[in-house]
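*Asks:* My questions all concern the structure below.
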Amino acid sequence: MSWVKNKMPEQEPQERRRNFSEVALGYAPDTAQSEAKRCLQCKTAPCRQGCPVGINIPEFIKHIKDGDFDSAIAEIKTKNNLPAVCGRVCPQEDQCEKYCVVGKRGEPVAIGRLERFAADQFRLSETKQPAQPAELNQGKVAIIGAGPAGLAAAGDLARLGYKVTVMEALHAPGGVLMYGIPEFRLPKEIVASEINELKELGVEIMVNAIVGKTFTIDELLNEEGYDSVFISTGAGLPHFLEIPGENLNGVYSANEFLTRVNLMKAYKYPAAGTPVHAGQNVAVVGAGNVAMDAARTALRLGAENVYIVYRRSEDEMPARAEEKEHAKEEGVQFRLLTNPMAIVGDDKGWVKGLECIRMELGEPDSSGRRKPIAIPSSNFVLDVDTVIMAIGQGPNPLVQQTTPGLEVDRRGNIKADENGQTSKEGVFAGGDIVTGAATVILAMGAGKKAALAIHEYIQKKKGC
Amino acid sequence: MYTIVYSEELAPSVKLFHVQAPLIAKKCQPGQFVIVRMDDEGERIPLTIADFDREKGTITLIFQEVGHSTRQMGSLKQGDQFLDVAGPLGKATHIEKFGTVVCIGGGIGVAPVYPIARAYKEAGNKVISIIGARNKDLLILEKEMAAVSDVFHITTDDGSKGRKGLVIDPLKELIEAGEEIAVVMAIGPVVMMRSVAEVTRPYSIHTIVSLNPIMVDGTGMCGGCRVSVANENKFACVDGPEFDAHEVDFAGLMARQRMYHHHEKQERPQGGSCKCHG
Ligand SMILES: Cc1cc2nc3c(=O)[nH]c(=O)nc-3n(C[C@H](O)[C@H](O)[C@H](O)COP(=O)(O)OP(=O)(O)OC[C@H]3O[C@@H](n4cnc5c(N)ncnc54)[C@H](O)[C@@H]3O)c2cc1C
Ligand SMILES: Cc1cc2nc3c(=O)[nH]c(=O)nc-3n(C[C@H](O)[C@H](O)[C@H](O)COP(=O)(O)OP(=O)(O)OC[C@H]3O[C@@H](n4cnc5c(N)ncnc54)[C@H](O)[C@@H]3O)c2cc1C
Ligand code: SF4
Ligand code: FES
């Protein structure tokens, strides 16, 4: 047996840095089977404890090894409604693959790539059958927000026999999968196709429905006849640094920049109606996954120089190692230990530079990370015409403000217990709106737990 | 899909649509807006809800053809559909009995002023309205505005109707004549709103303007619509669109509105019929 993962083919960096096609190309069937053979089929399957939605990992891998791809995807789908998505974007190194026994001596089994393979085989198969909707007579549930948390809850509740309506503020469901994560990491066609499978289960998706505006939670419960509500509105409120010059033309939040490009397809402008300004020299402030996505997107729009500007060092960068590597290979330049002080504008109100100060690392702070300290008089101006702020997001307050009796914490996130129960009867919440910005699979896990709790709540209510 | 059940040309390149959107018609209040999208390749465009009919389930949109999307929208006819209409968005106008309110609408800005003036009137205020345009052909909603106003003024830049001059001229006279004005509500081009703010500032007359920065989502998730108000950044789509005129950074707003000017001059397919980009 090999101690290393089978390689997944990728587009070459020089080629892919200027196109929006998917970077990773996926396993061919024989490679997938060869990778599946690396799995030891452990009885205890430690990998399973790392999966927030509890997929039976050795079981689906065994089906792939046997060449029975239909059974592999059927097994995955009992737990995960969006496997083609999760196989692509989950940080498996911190989840299932972290616990894999093979990983103790060599590289862990490529569980994520195998999940992706099974889902892609199924999606592209010509003989696939539409899912059979259950009889939806258990009650009515409204889900607010069609991101991974809401979609996971919707799928499980439909299977339990509930009539589910997902209300989504934007014109397309998917949440961050649709507007945030770029096409070259997660093709939008794949997101749409997995969401369509939920519709086959009988889930209704209502777009252009903004809860807090089009309806309030109290109206849904008291007037529209919903037995319960699940809030999964995500962490969509962009933060800015609050430094001088942030309102100059050419300054974007990562959310706006990515929404224009992904959801509105600005990379096809003028064939698509929404423009985006991608300059020649672009600074992206921040060093998480969102920053990597924004930087790689700017490159693909034609920028000559794209800089990641980050006040700490490479060790502290929150982005996944793989994202960082991809960005480097494509030519993104890292300006570390560099802190933005002000954005400099020209006389027409456009960005012409980013004034920064150099930093050095001091003693560890309360979080255990070494604190960046400014080096006096080390200011300099980075020559850029676009600045993208990727320094984090907070909770969108629309639902909280219009729902009396719903408790929030000091950061504005909704308070909920581990089953998603909030301070308000019949109202559950999960995903980024509860935890703050996290991951797709954690949001899905929260959605699944809440679906069970909602089921219990409604059955109990019907009982008395 | 949201069907256009009625359409009318109010002035050259100014159109009115009644659009079937029952959920929005049921909830909307004066001062709010919607975001519309025409088709799958389309832009998200903010438009004020100029009127609504809760029983018929329709909202009224009035728009001016200024660029690619609004021109394409102008080619839609009765029976055609919008792919998306989302709303009602933004905060509603704060309406109560204040006393005397002056409602000022410039150009296409008369459309958003109208439902607000009507609501002020219904709340028992004395409503003085001033509407203005470049010339008489561009004046809209005259009859409607007259019907909800106690005193009604028209101004045109060229004097082709009403008095020759700007909307701020009658306002200045009202103030000089000692009219007790509780609130001034002004909506129109940014330069107009700014000049209204300058007229009322020395007298500390509470003045409200409705801002129209470039928007994308309209729900508070992108920050593209940010404007500086009292030196603090606000998102016009959720914190507004109405703000205290004496606190708005108008110069900043105008600069940001020009952000995509050079894009708009690029060669683009004209009208709504070209589907060649597939
Ligand atoms: C650019 C980017 C890249 C990322 N990359 C990864 C990655 O590679 N791997 C990973 O695991 N995670 C990644 N994440 C994080 C991950 O996407 C989120 O943790 C996850 O999407 C959270 O899911 P959610 O369902 O809680 O919320 P969201 O996905 O944010 O969905 C919330 C939905 O609710 C809607 N909504 C909000 N308010 C209302 C309202 N009032 N009424 C109706 N609808 C409303 C929103 O429009 C949205 O569609 C990334 C995030 C970003 C921004
Ligand atoms: C809350 C709000 C309510 C609005 N209500 C109305 C309304 O009721 N009727 C109406 O006709 N218009 C209204 N607008 C303005 C309208 O959204 C713009 O005219 C429209 O987006 C222009 O699109 P376009 O593609 O046709 O023009 P573009 O080709 O995008 O632009 C043409 C010209 O319009 C300017 N422009 C672009 N976007 C905006 C904008 N959002 N606001 C102002 N100027 C802009 C550009 O700088 C350019 O000069 C409103 C805007 C906001 C933010
Ligand atoms: S821990 Fe690794 S080797 Fe063991 S069952 Fe899971 S994937 Fe297979
Ligand atoms: S339009 Fe995006 S936040 Fe207002």
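The backbone N, Cα and C atoms fix where each Cβ goes, and this holds for glycine too.
Under the heading domain 'FAD-binding FR-type', TrEMBL lists B:1-95. Positions annotated as FAD binding site by TrEMBL: B:I62, B:F63, B:Q64. According to TrEMBL, the [2Fe-2S] cluster binding site annotation covers B:C222, B:C225, B:C237.
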*Asks:* Taking DSSP states H, G and I as helix and E and B as strand, how many residues of the domain 'FAD-binding FR-type' (B:1-95) are helix, strand and coil?
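*Replies:* DSSP composition of the domain 'FAD-binding FR-type' (B:1-95): 13 helix, 44 strand, 38 coil.
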*Asks:* Taking only same-chain residues 6+ apart in sequence, whose CB is under 8 Å from that of B:C225 ([2Fe-2S] cluster binding site), what do you get?
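*Replies:* Set apart from B:C225 ([2Fe-2S] cluster binding site) by at least 6 residues yet with Cβ under 8 Å, we have B:P213, B:I214, B:M215, B:V216, B:G218, B:F235, B:A236, B:C237.
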*Asks:* If you draw a 10 Å sphere around the Cβ of B:I62 (FAD binding site), how many other Cβ atoms fall inside it, taking every protein chain shown into account?
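*Replies:* Cβ-Cβ neighbours of B:I62 (FAD binding site) within 10 Å number 23.
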*Asks:* For B:C222 ([2Fe-2S] cluster binding site), what residues in its own chain, 6 or more apart in sequence, show a Cβ-Cβ distance under 8 Å?
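*Replies:* Those within reach of B:C222 ([2Fe-2S] cluster binding site), by Cβ under 8 Å and sequence separation of 6 or more, are B:V216.
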*Asks:* Which binding-site residues (B:I62, B:C222, B:C237) come close to chain A, taking a Cβ gap under 8 Å as close?
*Replies:* B:C222
*Asks:* So if I take the binding-site residues (B:C222, B:C225, B:C237) and measure from each Cβ to the nearest atom of ligand 2, which come out below 6 Å?
*Replies:* none
*Asks:* When you average the Cβ positions of B:I62, B:F63, B:Q64 for the FAD site, which other residues in that chain have a Cβ within 8 Å of that mean position?
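*Replies:* Same chain, not in B:I62, B:F63, B:Q64, Cβ within 8 Å: B:L10, B:V14, B:K15, B:L16, B:L47, B:L61, B:E65, B:T70, B:I108, B:A111.
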*Asks:* Determine the binding-site residues, out of B:I62, B:F63, B:Q64, lying near ligand 4 in the sense that the CB is under 6 Å from one of its atoms, and give them in sequence order.
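*Replies:* Passing the 6 Å Cβ check against ligand 4: none.
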*Asks:* Taking only the residues in the domain 'FAD-binding FR-type' (B:1-95), give me the average pLDDT of this model.
*Replies:* 94
